[in-house]
2 protein chains.
Amino acid sequence: MNFHYPNGKKFSPIASSAGKKPSGKKVSYSNRGMTLEEDINETNQYYLANGIAVIHKKPTPVQIVDVHYPQRSAAVIKEAYFKQPSTTDYNGLYKGRYIDFEAKETRNKTSFPLQNLHAHQITHMQQVDEQDGIAFILIRFASTEEIFFMKFNELYKYWERMEQGGRKSITKEEIEKDGVKLALGLYPRIDYLKTVQSLYY
Amino acid sequence: MNFHYPNGKKFSPIASSAGKKPSGKKVSYSNRGMTLEEDINETNQYYLANGIAVIHKKPTPVQIVDVHYPQRSAAVIKEAYFKQPSTTDYNGLYKGRYIDFEAKETRNKTSFPLQNLHAHQITHMQQVDEQDGIAFILIRFASTEEIFFMKFNELYKYWERMEQGGRKSITKEEIEKDGVKLALGLYPRIDYLKTVQSLYY
């Protein structure tokens, strides 16, 4: 395996996915070197191992252009491009109900820029909401390491405000008012289903 | 874009995914050149466009090893490998309930070989079943172009038979007895939710 970074940029699979972080670099997280995505994945593994829920991250969508088939070894993808995801990153099942969410991190201290979300992700969450699924977003402020849970319908208020010419972000005050701040733990790390349970069941 | 097939093999994204077909070649389908995956994707688009359900195929999981970042153009993945999926290919939401399924095609005329499924896909469907989700499989016989719907618990009977040393396939008679043959249409092409509706609601 050869690693070539002609631009001096490090490759991070997370930075390339929909869960892109502002700079593409890993954000230190409670000095554990964990990213938001890693914490959510561990949380989902905890839920799965304990029979609580079945929630997985979707693979990063990739457009494959060229594949080599060396003799006696695995197929190698030699040319491919990142595609924009058409849905959110996480979905699954909790107590019979469909769960669907996106997780985003910002280095911004006072607001969450809505450019972190794509219009088709909003459309997707809207479709989920209409079909009686549970759609929400997790927002992490890197500076304070706080994570907020926001229901889709709250998020959508601010999305609509932007579409009507209003500000292109949600202020932290608004997130504190309309979202729920998650307590962080060890097992699981980010117990977002506790909030799902209290808000939807 | 360069296409190199040193082995004389053609690249097919479907053949490389979990929805692998026995030969890796496209099977003619009602002379329309459509694969099972394409028909299911079109069906899902129909469901989505008509507000019936929100069901998507998960992207093919890929392990990315090397990415180049050319100046002023999109990141290019230069080395990556296909990973075995840890879940099924399709999931989503229908009338508030979680839907999860795998679709497989066989050229075998008299039975469906269970080697088309991975043990962890069975485990995943079992987890979905335990959380009150709707898990099933679609089996297509390429020779007759018939598609059968089989609930996970029926499929699991045959999986257990294999694990207990029994036959490594489900005979077509068993599939006809325990599954439901789907009528094929134009819009949608494979109306599997009609069967979901009659079996689970």
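The chain as shown is numbered from 1 upward.
Keep in mind that glycine also has a Cβ here, set from the backbone N, Cα and C atoms.
Because TrEMBL annotations are produced automatically, they should be read as predictions rather than curated entries.
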Of A:Glu102, A:Glu105, A:Glu145, residue recorded by TrEMBL at the Mg(2+) site of A:Thr87, A:Asp89, A:Gln121: A:Glu102
For the binding-site residues A:Asp89, A:Glu102, the one whose C-beta sees the most other C-beta atoms within 10 angstroms: A:Glu102
Of A:Thr87, A:Asp89, A:Glu102, A:Lys104, chain B-adjacent recorded positions (C-beta under 8 angstroms): A:Thr87
Other CB atoms, at most 10 A from the CB of A:Gln121 (Mg(2+) binding site): 21
Pairwise CA distance, A:Lys104 (site 'Transition state stabilizer') versus A:Thr87 (Mg(2+) binding site), rounded so that it is a whole Å: 14
